[in-house]
Amino acid sequence: MTFRLRREALRTILTSDRCVNPGSVYDAISIRIAEDLGFPLGMFGGSAASLAILGDPDIALITLTELAEQMRRMSRAAVLPVLVDADHGYGNAMNVRRTVQELEAAGAAGLTIEDTSLPQAYGAAKPQLISLDEGVGKVKAALDGRGDSSLVILGRTGAVSITSLDDAIARARVYETCGVDGLFFTGITTRDQLDAIAAATNLPIVLGGAPEEMSDLGYLASRRVRIALQGHAPIAAATQAVYDTLKALRDGVSPKQLKGLPSAELTSRVMREADVKKRLRDFLGLGS
């Protein structure tokens, strides 16, 4: 599947009348598993990227180059469309434009640009937002940096939890007028908040996490939410699995006695071993 077809698949999700949960992906293995399990979309979150690439918390230490290279690896490994958390665009509006170009070239189906002030300023104990004017400049730069018109660009705001619901709505409405393809909200904790946002805006909504009582996909779809994130449990589970395995080996457990290891069939499938063997036969004359 070409990059453009992946982007069109994401657009189909946004223009549908239903809400989907994306699979949280962060490397070649996780995206292949998500694809094999039938997820319609992958979400490459900033926190998952920071942990997978740097082993660090999500405090804006990762660089654009590192993020784009990881996206490129995933694009090679699978054809699942991926929505990328591009954080603040790694600088000012000009940096945002470059960010869009690099992630587009890496095969992202879509990306989000947020209005949080990053990296965290000296002495700022709580998250802060950039001004609306700066946010507009970043959104416009993102749209200008898009070479493929099918690339999805979402305006993202965390104003609900940082400033106010009214500010979140005001920012979202302005981002809509700039021409973004959808709106990404974090910090929504009640149905009343989502109801107000849905009533005041027009574009498809992406929900960056919400309480369990807001997980009903039917309700979310009725409020124009088309994508609802479920956090990034896969990388957390993988971290625990690696820890448990290494600890067991350190404590003297035999490799054959380890629990939780994948079957040979699953490992072969994730590695796309059948495809590789066919190419070895076709191109190198190896095997029967």
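Each residue, glycine too, has its Cβ placed from N, Cα and C.
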Residue from Ser30, Ser47, Ser50 that Swiss-Prot also lists as binding substrate with Arg156, His232:
Ser47
Please report the DSSP secondary structure of His232 (substrate binding site), reduced to three states.
coil
Neighbour count, 10 Å Cβ-Cβ cut-off, for His232 (substrate binding site): what number do you get?
23
Please compare the binding-site residues Ser47, Asp85, Arg156 by how many other CB atoms fall within 10 Å of each one's CB, and tell me which has the fewest.
Ser47
